[in-house]
Amino acid sequence: IQKGEVVLDIVKRSESAETNTYETDVGSLDDMSYTFGSVILIVAIVTIYNSVTKLISTQRNYIGVMTALGGRRKKILLHYFSFSLFLSLVGIIGGIIVGFLVSYATMNMASELLNLPFVEQTIHFDTVAEGITYTLSIALTTGLWVAYQATKITPREAMTSSFISEVYARKPVVERLFDLLQRRKKILPRIPLRNLFRRKKRSGVTISTIA
């Protein structure tokens, strides 16, 4: 800090107000990127699950024909697993491109707000590889699990469009609790609960998507 030709004090760059403000903003952006990345990854998992499940549902007859003609479960598994693999690769490529453009624009905007003299932007390939690893591992695990469900469809289930396999040893816990609370045991209030807890996978995906 100077006053005329006299040096009153020396302030380190790391202790200056501008540097502290910059580091705070960068830290906030870093935390926000992890938060948004996690949310988007969850949305991608739900999307892959819904896409593959819907594809299997619309092609149940073909699965039944393949199984009845002696088709191996391994081929059916790989067929639908490749669909989730394709979605994952397209999402990764698009995410890398969009992520670079957004980060470039964000950095330029931050440099203008903070009046930085120059900005050096580099691509951290280790971070890109980490994101690809997380995305592929989680997305492909979801796709593999859904594709495995297709291999468990029998020819009778697949060839009958209205067939829904349901095995219930006992009532769901919530429905039994509802029976205890309702002395008159009205049937209409229990129907939504019965449908909700007897389709646990569908209900879970719907709740996750809405949330």
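Note that Cβ sites are derived from N, Cα and C of the backbone, with glycine treated the same way.
Automated prediction, rather than curation, is the source of TrEMBL annotations.
Taken verbatim from TrEMBL:
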TRANSMEM  34-56  transmembrane segment
DOMAIN    35-155  domain 'ABC3 transporter permease C-terminal'
TRANSMEM  77-107  transmembrane segment
TRANSMEM  127-148  transmembrane segment
### Across the domain 'ABC3 transporter permease C-terminal' (35-155), average pLDDT on the 0 to 100 scale
81
### Query
For the domain 'ABC3 transporter permease C-terminal' (35-155), what are the DSSP-based totals of helix, strand and coil residues?
103 helix, 0 strand, 18 coil
